[in-house]
Amino acid sequence: MGSAFVFLEASLELIPQKIRGHPAVRADAIRRGKRPEKILLDDSKHHTAMKSLEFREKRGRPDIVHQCLLLLLDSPLRDFEVYVHTLNGEIIWVNRETRLPRNYNRFVGLMEKLFEERRITAGDTTLIEFKDVGLRDIVRGRDVLLFREKGGRFEFSELLDGDVAVCIGAFPHGDFFEETLRELGEFKEVSLGTESYTSLYVTSRVLCEYERVRAHKVG
C-alpha cells in the first residue's frame, strides 16, 4: 500500500454562491474575463466579500496547499502518495510525477481548470484528479498521524516506520471539523512543539524526517 501525505481541509474552493454578486468578486471576474463561479476563492482579492462566509477564518488561502505541494513533489522519494482533502470534503489525488506551476497565478488557473474538468491530463497520463472517495477510504489500512498543536511528542523513527497517512491541516486558522476527525477513524495526534506552526513548516519538518527514516531503512 505505501504511505500517503494528506492535506486536510485545504482552503481550495470556487467562489461560493452567497458572495458571487459582491462588488469585489464581480470586479475580479470582469478583470479576468471569467464568471464568478469559475474563480478560485482568494482572501487577498475577495477579503471584503468573505466577511459574511461561515468559517471565514479557514477559507480563501489556496497558496497554503500550493506551497506544501511544491515541497512534497520536489522530494526524490517516490514511496508515498499525495492527496488533498478540501474544506468541502472533496478528495484530490496528485500524481507524484506532476510538475506543478511554481508561479501562484498559474497554479490558480490550473486549479480552476481542475474544478471545471475534474481531471488534468498530459497525453494518456493523469496528473491531478478528483476522486469519488471519502477521507476514510484513503487513510484505510494506514497508521493515521494527525499533526496538531495539542498532540503528543514521539520519536519519528517509530512513527514513520510503516505505512502511514501523514495528515496536515492546510488552512490558515482554526481547528479541524469534528466530521473530519470522525472520517479519520483511529489516529494518533502528533505535535512538533508547544507553538502553532504553519502548514509549510510542518510539511517541511515531517518530510525531512520521513526521508531520513526511509533512507536509513533502505540503507
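Heads up, the Cβ atoms here are built off N, Cα and C, so glycines get one too.
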Checklist entry - Gly169, Gly174, Leu192, Gly193, Thr194, Glu195, Ser196, Tyr197 bind S-adenosyl-L-methionine according to Swiss-Prot; which of Phe147, Phe154, Phe156 goes with them? => result Phe147
Next on the checklist: Among Phe147, Tyr197, the binding-site residues in question, whose Cβ has the most other Cβ atoms within 10 Å in this structure?
Outcome noted: Phe147
Checklist outcome for this item: Note: among recorded positions Asp63, Glu195, least Cβ-dense neighbourhood at 10 Å is Glu195
Checklist entry - Once the chains shown are all counted, how many other Cβ atoms turn up within 10 Å of the Cβ of Arg99 (site 'Interaction with substrate rRNA')? => result 11
